[in-house]
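**Q** Take a look at this one; I'll ask things after.
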Amino acid sequence: MDLFSQLILVISVTSFLSFQWLFHRVSPWVSTRVSPGFLRLADKQKVEWNSRTVSTLHALLVGLFCLYILLFDDAINEDPVWGDPTLVKINVGVTTGYLISDLLLIFYYWKAIGDKFFVVHHLAALYAYYYVLGHGMLPYFANFRLLAEFSTPCVNQRWFFEVLGYPKSSRPNIANGMAMAVVFFLVRIAVMPLYYSRMWSVYGTEAFYRVPPGGCAAWIISSICLDVMNVMWMHKIARGCYKVMRSARQHKVGTQENGKTD
């Protein structure tokens, strides 16, 4: 194993240990001081709260690094299949540690946060990352996929508001719902043409044919499956956002009419 591969291994292990520490120590300590409602939660809810807190931290860290790579890493932008994957490997190494940590927590606290979909999602992601970390292939596309992490904080915040008892028509909930819909659309739907145009641009080239069948499956098939789910989720988010806004508008009109009557 070369020196850089050893470094990536250290990064992944450090990431795993750090996210475990954040889940077990940091999140409970901070949450009790930032949100008094945390203490009133049931034990299962506290487990999910800590899990989502860690998820948000991971999403922000990896998402920002991903955006930096996408904007300033000329090597992978010029050669999206076999470009120098140094920075991407570091980012994927962090995510790999997080995914393994989260899988362990899912299995250990299955009654609280167990979800077969997340198990399949994490295993599929780890399978795809094997080709990035082990073979250095497809760095642009692996990094591009991490843009989706930017939608995670809003999704988690929605759950936080719900478990703390915020009404769906409350201003914080509506603001977060609008932000979630906009960010989800931007990082998962609006970017699809750019992603698949880059994929099409390398199809049939020498670089493309150097990718083994397993790598192609992890790249193309998983991308299509993920985007089909993204479109379905976007539809649900848009419908939910519309219903909340309509309910809030009706509530506001009703309040104004009652005020006039009084």
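A Cβ is built for glycine as well, from the same backbone N, Cα and C atoms used for every other residue.
Keep in mind that TrEMBL annotations are predicted by a computer and have not been checked by a curator.
Quantities reported herein were computed from a predicted structural model and do not represent experimental measurements.
What TrEMBL lists as domain 'TLC' is 44-246. TrEMBL lists 6-23, 54-72, 92-110, 117-142, 174-196 with the feature transmembrane segment.
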**Q** Residues of the same chain, at least six outside the transmembrane segment (92-110), with any C-beta under 8 angstroms of its C-beta?
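**A** Contacts with the transmembrane segment (92-110): 8-9, 11-20, 23, 44, 47, 51, 54-55, 58, 61-62, 65, 118-119, 122-123, 125-126, 129, 132-133, 142-143, 146.
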**Q** So what's near the transmembrane segment (54-72) in sequence-distant terms, Cβ-Cβ under 8 Å and 6+ beyond its ends?
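**A** Non-local partners: 19, 22-23, 27, 87-88, 90-91, 94-95, 98, 101-102, 143-144, 146-147, 149-150, 152-153, 156-157.
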**Q** I need to check the long-range neighbours of the transmembrane segment (6-23): which residues 6 or more away from its ends have a CB within less than 8 Å of a CB in the stretch?
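**A** Those are 50-51, 53-54, 57-58, 89-90, 93-98, 100-102, 104-105, 133, in sequence order.
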**Q** Same chain, outside the transmembrane segment (117-142) by at least 6, Cβ under 8 Å from its Cβ: which residues?
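**A** Contacts with the transmembrane segment (117-142): 8, 76-77, 79-85, 88-89, 92-93, 95-96, 99-100, 102-103, 106, 195, 198-199, 210-212, 214-215, 218-219, 222-223.
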**Q** Across the domain 'TLC' (44-246), what is the average pLDDT of the model, as a whole number?
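**A** That stretch averages a pLDDT of 93.
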